[in-house]
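Student: What TrEMBL records for this protein is below:
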type	residues	note
ACT_SITE	Glu353	active site, proton donor
ACT_SITE	His384	active site
ACT_SITE	Lys510	active site
Amino acid sequence: MNNITQSAAWQNLQAHQINTANIRMRELFEADPQRFDNMHETLHGLLFDYSKNRISEETLQLLCELAETAGLEQQAEAMRRGGKINISEKRAVLHTALRLPADAAPVLVDGENVIPAVHRELDRALAFAESLINGVHTGATGKRITDFVHIGIGGSDLGPQLAVQALQPFHKNVHVHFVSNSDDANIAQVLAPLNAETTVFCVASKSFGTPETLLNAHAARAWFRDSGLREADIARHFAAISSDVAAARNFGIAPDNVFAMFDWVGGRYSVWSAIGLPVMVAVGSTHFRKFLSGAHAMDEHFFNTPLRRNIPVLLALIGIWYGNFCGAHGQAVVPYSHNLRRLPGYLQQLDMESNGKRRTLHGDTVECHTGGIVFGEEGVNCQHAFFQLLHQGTRLIPADFIVPMRTPYKIGRQHRFTVANAFAQTEALMRGKTLEEARAELAALPEAEREELAPQKEFPGNQPSNSILIEELNPFNLGMLIAMYEHKVFAQGAIWGINSFDQWGVEYGKVLAKNIEPELAHTQNTQHDTSTNGLIAFYHKCNP
Ligand code: F6P
């Protein structure tokens, strides 16, 4: 079937939505004391509660039938076995192989088992990280390395940044910094406090052709030279991660410091590869291996659990229910954890770059919405920003609440307060507040005033949320969490019948900037639309 919207399973869901349009979660909870029991799953240190959704057991059955119709399990198996499911780039999609143990059954790409190469590169990268942590790899002047600057963008930045921040309590002794933006404020601020003698730079680019990354890499090299060190010293102070090893070496990076990526790992799925080097440097090899084990545990769950009990699949199906059948306007992601504050940004790339597609695998135009609009902010800050719209706005926006149950910091009641807020928000979003309840709260006011104010204090409720609780934010649980979202995104793409693993739209953007930059360098007649010509003219006025 070329278009999933033509299937009976899709049409059954459309009919079901019409029949259940007035479903009220509040009433579902009142009617069924077992609702939480039947609608949550646990896996190792993770609890996934999806009971606060506008769904019934029948909805879930129909959604599972949709997944079956789309051949989700067969597609997942094809990915796991190394099938070239990224058809527009003729590549296998094997980030799951990066977290397989060394003695796992062979995974073949073009007839070759990839596991030995995965562990060879992993061991090399971990050994390099350890040599920085324990001071064996010193700078050219013999000083201990204190700072590691990771230069990359998109998938070569977001995953590592998320993990380095998330695992702050596990940090060792090397400070890890990130430069991603071509805006020079980024690199200027990172470099300002650093000493070249005690700094190692790492250029991370799968293609080694991304202009932002190369621009920053050249700026870092110039800064290094200007600091008085010699060209030959670059060998001890620069590393690279790329699938184009030759290009990295041509940049002047010592072969021993070049770590290979595999072409069957997409950038936004690459934190498990050598791209995770900043994570390795931050937390060391033991913790990084636990991070991989957590992801592998989620892989095992995803590949081996029936659809109805499968956490990433349930997340995907509930997302499809709202996005395709209930008219949702977006998907909020709210980690109640300062250390997980990069999660929304990370998921924006993972989800929107993977599933922001309008053609099916067969080249047809899709007939339904695909990737959703992902946004978010750390809790509780988000409560003082966009939550008003969730509570009383007119739009349907399901939210994922990600909440660690324990804190390593233990300062006052901070953590308990934060968790209480997360739980309270999910309850309030679900229950809302009726006009009657609002009136009762205002009982002390004179009647006229009460009648005027009560409608303002009414909350429709019935706003869906998933609660994803983890016992604590440690490497294993972080690995599970990220892998859970990777598989959610995969499952949605598989059901829509799109390729979640290419990104031609972004490639186009890279070409466009190339044309305009020379026009900013020198005043000339530009041949764009009048708006773009006007913008270029203003730039020249500001930079005479
Ligand atoms: O943003 C587009 C993109 O191609 C991403 O998919 C990728 O993660 C990023 O650029 C960086 O690419 P590279 O690792 O090749 O520098």
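Cβ from N, Cα, C; glycine included.
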Student: Any idea which of the active-site residues His384, Lys510 has the thinnest Cβ neighbourhood at 10 Å?
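Tutor: Counting other Cβ atoms within 10 Å of each of the active-site residues His384, Lys510 gives the minimum at His384.
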Student: Which whole-number value in Å describes the distance between the Cα atoms of His384 (active site) and Lys510 (active site)?
Tutor: 36
Student: In whole Å, note down how far the CA of Glu353 (active site, proton donor) lies from the CA of Lys510 (active site).
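Tutor: Per the Cα atoms, Lys510 (active site) and Glu353 (active site, proton donor) stand 15 Å apart.
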Student: Tell me the Cβ neighbour count for Glu353 (active site, proton donor), meaning other Cβ atoms within 10 Å of its Cβ, over all protein chains shown.
Tutor: 23
